[in-house]
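J.: Feature annotation from Swiss-Prot assigns compositional bias 'Basic and acidic residues' to 71-84, 98-117. Summarising the annotation, Swiss-Prot assigns repeat '3' to 58-62 and lists a curator's inference as the type of evidence. Taken from Swiss-Prot, the feature repeat '13' applies to 121-125. What Swiss-Prot lists as signal peptide is 1-32.
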Amino acid sequence: MTLKKSFSASLLSPFLIICLIALLSVPVSVGARRLLEEPKPEIPTFPELPKPEMPKLPEFPKLELPKLPEIPKPEMPKLPEIQKPELPTFPELPKMPEFPKFDFPKLPELPKPEETKVPAFTMPKFPGSP
C-alpha cells in the first residue's frame, strides 16, 4: 500500500507543477499583449518660458596670502650605534645513525579462483497455466 502511495505521489507532483506553470503563464502573456495593443495618450507639450537673466556678481580681488619665512630643519644629533650582544653558541647535536630500509618478503601470487558455473534453471510448466 505504501509503495503505491509513494509511486502515485512521485508521478503526481511533476504533473501538478507543470499544470501550475501552464496556468500562471497565460494571464501574463495576455496582459503583455493588451499593453502593446492599447494606444498611449498623447501628452501636450507646454510652451517654453524664457529664462530670466541672473544678475552678475561683482568680481572681488583675490587676496594674496603673506609668505611665511622658511624654517630650517633642526639637525638631530647622531646616536652612537649600540652593539648587539652575541648569541650563545650551542653544541652541535650528534647525528642519528641511519637505519637500513627493511625489505619485506614478497608474497607468492595466489591463483584466482574460477567462477563456479550454475546450471540454468528452467521453470516447469504446470497443466492449466499459460
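All residue numbers here begin at 1 and follow the chain in the order shown.
Here the Cβ of each residue, glycine as well, is placed from N, Cα and C on the backbone.
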J.: Please work out the mean pLDDT for the residues of the repeat '13' (121-125).
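T.: Over the repeat '13' (121-125), the predicted model scores a mean pLDDT of 78.
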J.: What does DSSP give as the helix, strand and coil breakdown of the compositional bias 'Basic and acidic residues' (98-117)?
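T.: Across the compositional bias 'Basic and acidic residues' (98-117), the residues distribute as 0 helix, 0 strand, 20 coil.
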